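Record features, source TrEMBL:
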DOMAIN    10-125  domain 'Tetrahydrofolate dehydrogenase/cyclohydrolase catalytic'
DOMAIN    144-282  domain 'Tetrahydrofolate dehydrogenase/cyclohydrolase NAD(P)-binding'
BINDING   Gly170, Arg171, Ser172  NADP(+) binding site
Amino acid sequence: MSTTHSARLMDGTALARRITERTTARAAAVTRRRGAAPCLATVLVGDDPASVTYVRMKRARCESVGITSRHVPLPAATTTAELVATITALSEDPGVDGILLQHPAGPHIDERAAFEAIDPAKDVDGVTMRSFAAMSFGLPGFVSCTPGGIMRLLEEYEVDLAGRHAVVVGRSAILGRPAGMLLLGRDATVTYCHSRTADVGTLVREADVVVAAVGRPRFVRGEDVKPGAVVIDAGYNAGNVGDVDFETARTRASLITPVPGGVGPMTIAVLLEQTVEAAERSLPA
Ligand code: NAP
């Protein structure tokens, strides 16, 4: 009787819960020591329903761990200059520990200019150029939350990255690009694929570690996964479908993240953790 191999699942829900429990205790300690809870400012331009939902969800999670959230809703017609001024004021406000600008902020906004108005010490979402540089050089700083969550999963499951070939499919500023940099920092040999890459499948077939961050359902074909490879699916598409063909990939991979319950819960866990860390840094030594 033959049995089909099935990869071990990387349980992001459980790991995120453990991280969040520690974050809750740390937030309480900050509140005790300085008499004010850690505070995350959330900035939302316009009323895109998905963005409204994301921000509401993030604020609810903040409350549940003892982080205060200060919401700053701005009209859709807000200019880049107005947004930059708002974020600069939050950067200078000693009552704010972390700043999250929900993106996309709108087609008329110079999003890079807005991100750069975030004080790197409050960049708990890891979106500024300085945070990216620190991440890339392996220096202290806040990481991009989803790539940071991916690295925590790889650590938790003791995936040895040194000398392994990691293929990252996607190069967005918040996901693929920083994920590749963090993998490089752990001595993986990193290949990036993007929309101009000639043959993604050939590269995936050579990968010891695959990170899928494409935004296309089941884009990474299961039959391209090298037997024994570690598969991280950061994708989240309609109908709870990832960027990897999970059912086939799991018959070949050694470890794989499910969707949902893999990378998704890690992103918010890292955001909360980094917000408390920013608050801890404000405490007198
Ligand atoms: P994005 O900004 O749209 O970037 C997609 C990337 O995929 C781009 O670099 C693009 O290449 C590349 N790509 C598109 N078509 C391709 C193709 N045919 N072949 C190879 N590469 C291709 O998306 P994102 O924000 O990084 O998000 C990616 C996925 O992760 C989405 O499913 C999103 O929902 C999910 N996500 C999850 C979380 C979480 O918390 N779990 C957080 C953020 C995003 P170019 O650069 O050449 O255009």
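In case you wondered, yes, glycine gets a Cβ from its N, Cα and C as well.
Within its own chain, Arg171 (NADP(+) binding site) has Arg177, Gly180, Tyr192, Cys193, His194 as residues 6 or more apart in sequence whose C-beta sits under 8 angstroms from its own. The Cβ of Gly170 (NADP(+) binding site) lies under 8 Å from the Cβ of Gly176, Cys193, His194, Val211, Ala212, Ala213, Val214, Gly215, Ala234, Asp243, each on the same chain and at least six residues away in sequence. Under 8 Å, Cβ to Cβ, and six or more positions away along its own chain, Ser172 (NADP(+) binding site) finds Ala213. DSSP gives Ser172 (NADP(+) binding site) a coil state; it is part of no helix or strand.
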